[in-house]
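Quick look at what Swiss-Prot lists:
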BINDING   Met48, Gly210  substrate binding site
BINDING   Arg124, Ser183  ATP binding site
Amino acid sequence: MSEYTLENIAQVVEILREKSPLTHCITNVVTVKDCANAVLAVGASPIMANAPEEAEEIVGISNSLVINIGTLTKEQIETMKKSAKFAIENNKPFILDPVGVGISNIRNQTPIDIITNSKPSIIRGNLSEIKAIAMMYDILDECTMAKGVDVAQCDIINKDTLISNCNLIKNISEKLNTTIAVSGPIDIISDGHDVYTIENGDAMMSRITGSGCMLGCVLGAYLAVTNPLEAAITGTLVMGIAGELAAKTARDNNKGTGSFGIYLIDELSKLNKSTILSQSKLNKM
């Protein structure tokens, strides 16, 4: 078990910019451009390929893989499954972002197939989505309903629910044998042994389409240069700090959510060690 310091995190941020690894993002059509720009902003190189015919070739040249089920089609599901299988067979790390799991049969079956047959390095989602996954593996014994890509009111992480939710996420992570990254007002990350919380971010991030999808791809970028727990911590922290700074710039200039989205990419591209050290709200539980 390791304890990750802000110095460690800052070093990972610098390593990513130096190495510029290729991150393959199979993501949804709503946010694909934003995701590609976010990956570029943190220093990696994105490729966004969907054809099943080239799945193995693209994964073969990539350093990490991101699978986001936001806008599923039969062809994309085939690509996702082939890519995940090939990634595992060739020791390529990948992250699964089960967007909206729990609201339809196809959104339930697709991540289950991927998790069962090709264990992801990281599963990222809001608390409703992660609980829905846990339900399908009988880790939770009472029903929970996902609210599309948004978190249900009963699943909002706050000071009152933090300890119980940290224990829950640690248990789910241990049972699934993968790192879990949960997004919320307070983010929770666990590898089944250690649990970290991050309190960076801004409410404005929930007012634009794609902030969660961008986070998944940013985590995927860091996954190319470090282990799953450190990648999840680094990516979540970087995205949260950038969100805070972008929101401040938007408010200071009397701008709205459209400008905020642009500022968010700006801040991701500008983030450096001094900002990480001064702005981070990272805690080990």
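Just so it is clear, glycine is given a Cβ too, placed from its N, Cα and C backbone atoms.
According to its DSSP assignment, Ser183 (ATP binding site) is in a strand. In this structure, the binding-site residues under consideration are Met48, Arg124, Ser183, Gly210, and the one with the smallest number of other Cβ atoms within 10 Å of its Cβ is Met48.
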